[in-house]
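What follows is one structure encoded as structure tokens, with my remarks underneath.
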């Protein structure tokens, strides 16, 4: 064998080694060995096999990979691809270069020798070994190329050569046998299985490309038993394993669970998705609106509990976000498109029983705007994560988001209290006002914390300003145009539909004020019937109602202005075009805040109106501030928000002349109530003064209110003395002449004659009626006049003030005055001659009889004296009532009427005036005994005058005694009663009695 | 300097490790030694298919030999 080359020698040597290794025949001279050697040689030299085709080998490699994938041996499949690739690009001992034919032939050899790898894979032993080995291998790789560890979960992306893709393309139709896997069942089924395991629908057509994508684009950590991404074995990156191992070692009962490993980047990404409202997540799971953290998720560098506590924290925020998001969706789903509040609440589709009303819409709109900015922030973070320019960790993300998260917590709290906790079925007005109140309270609450919560207050304030918009628009519509437009019935004041404006009850019964009691939380319906709006106001203050607390200080003004405006509109008064209340409010808020916060820019601001110039201005301001060395983070935030929100909704939605710099709303508002007081209330106040002043002027000038009030006093309180004298003396004369006067025609003719002469304009308004009176009450002559009722037809808007109730009181006073006048008249008309003449005739006839008893002259003298006493009483009473009471009260009243600011006040003044005169004329039930005593005297007067008229002799001496004693009794009675009352001070209007008392004293002395 | 040679040695050792992994994965039943023999043979241009058939044959023969030996010793 000397001719053998060195090559052949080596080859033979190797062959011998091979044989001795496989057959374990160590003796080379053995016959068997020789035979084997010969066999091997002949096979090596004279075989009929083709040379190794690298394409075929590559195809087989891919085939095996696919096969492993089919068998869900994802980790094995991945290792397979990686290992072969690694091998092909590694050097061999005696071969130069990589991916040489030798490489492929070695692989081909192994493939030929392989014994159903997919089958053996089912037993765990080789798998475990492999992973361990693999780890070792990766460890080495880590040492060599340390940076690879940062490339994420797929560091081994193969070079995507055209060769490969071509191969893959061509490989498709090849049979399974090519893969070198011998156990091969129903490839079709396996294929489907493959699809199932992946569970992701890729748009990439080829299953192989898909598989490649699954392998390399992102580890499908959401799939159960997904392959673990390779990662560093450094201790820091394996805290979980170390800890797990520790637990395993120390606790005999510790059972390691199946865990899904994720990377921190994946956790960050899922967190960001969670915050942006994505529901289908792996780490966070949504169950009935609750967000929970998956139990089996771990990262390698943290212990399970640690990660869990962090994630649960995040889940809580996520839950708040999703709840708010859901609310936004609910409300916006109702209306066809997200639209500004204030346009279509009535037309919103009736998908469910409870379409959202404008306040909710406004609130949602504000929330939506906030979330837009929040999502922008999330997007920036996600972009940063993708860019990989800097290390982004979960904690850094949380830190970055922490202000937002705090705000979201706060928003969620406000939402829970203001919206979610309201039981279903509540009327809109309650919901709306409750929401506004909650926001209002929250602002005040946070505001009181001071600087710590400036941003919260700023956010809440902007929310509130948005949410209050419908309310202010309703108020505006009402107090500017006199039209309470509230289709969804959310405003605290509701128009009662059944009362027309030109009805005399309009002022009282048109509106219903709803208020929410905080403690009872029940609806209170306060119909402001009795005394206009004041009833509602009182109730609200006394019961601590909270109906929209921000409006409370000006509620009365709003109601007054609204009603006045509506009335005015119906009186055909021209309207003046104005800026809307909301605009005015925003403008003043802006000016105020800018005044407080940005005083250096104040002058600039005023000059620049448009948005563009505003942006320009802000940069100027920023430079200004830098120059002045002012470090104001708040200002910076405002600028940031200004830029963010400059594409603001106003131009899109309000469609009006509102040019707003929205940053102002985000400026914190120190002392919120002060802000309101200076920004909102003055506008309402001004409007109120305007409206009511206008109404008062109109009523006084166009509708002659004062004239009618004067007329009431003229006729009912007999201030037009001459006119009424003509009227009542005609009646009294009739009575004197014992003729019947109770005929309506007669009375009306007398009245018209009297009035027509002097006040022709009133003659057709005045009329007189006779009410039928219980005959039992007519026993006393003084009650003869009862039932006489004067009526004055007051035309429409004025009858709001001079109502029929007022006329009743007027009539009571009128009747009293008539009675006094009658007594006075009957005393005045008595002639002394009547008695003296009669006495003389009597004297002649019966002189003797009279001497027996009492001289006639003495009797007549007693009559004279009694008459003078009675006259004094009646005159004093008459004077007292006509001058001291009616006249002075009237003057006071006229003065007050001049100063009345609104109609309600005017009505109240009128009522107070009436009740004053009613009281002072002793017509009140409580002091009726005084009045009765006086009535007795008046009765006495009438009886007295009647006897006087009858002439001397028509009465007996005893009747004079009785009259005298009656009068004295009444005197005494009045004296003691009034004396006592004054001493006790039990009567509120004791000054009246003091007057009467003084008068009585005078009387008694007489 | 020995370092390039060393590096080469290490690289080759790693290659062999990888190869062993592949072999295990494929369940070929080759150990490190037989693997290195095979690699050397392949490097010398032996057709892998021929080599594999030889190896299989050797295994079978060896197995039958052992079986017969066992059978004779037992018998």
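Note: Cβ is positioned from N, Cα and C throughout, glycine not excepted.
Note: TrEMBL annotation is automatic and uncurated.
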Which one of these stretches, A:316-335, A:336-355, A:356-375, A:376-395, shows up in TrEMBL as region 'Disordered'?
A:336-355
Region 'Disordered' according to TrEMBL, located in which of A:505-524, A:525-544, A:545-564
A:525-544
Among A:96-146, A:147-197, A:198-248, find the range that TrEMBL records as region 'Disordered'.
A:147-197
Mean pLDDT, the domain 'Gamma tubulin complex component C-terminal' (A:705-978)?
81
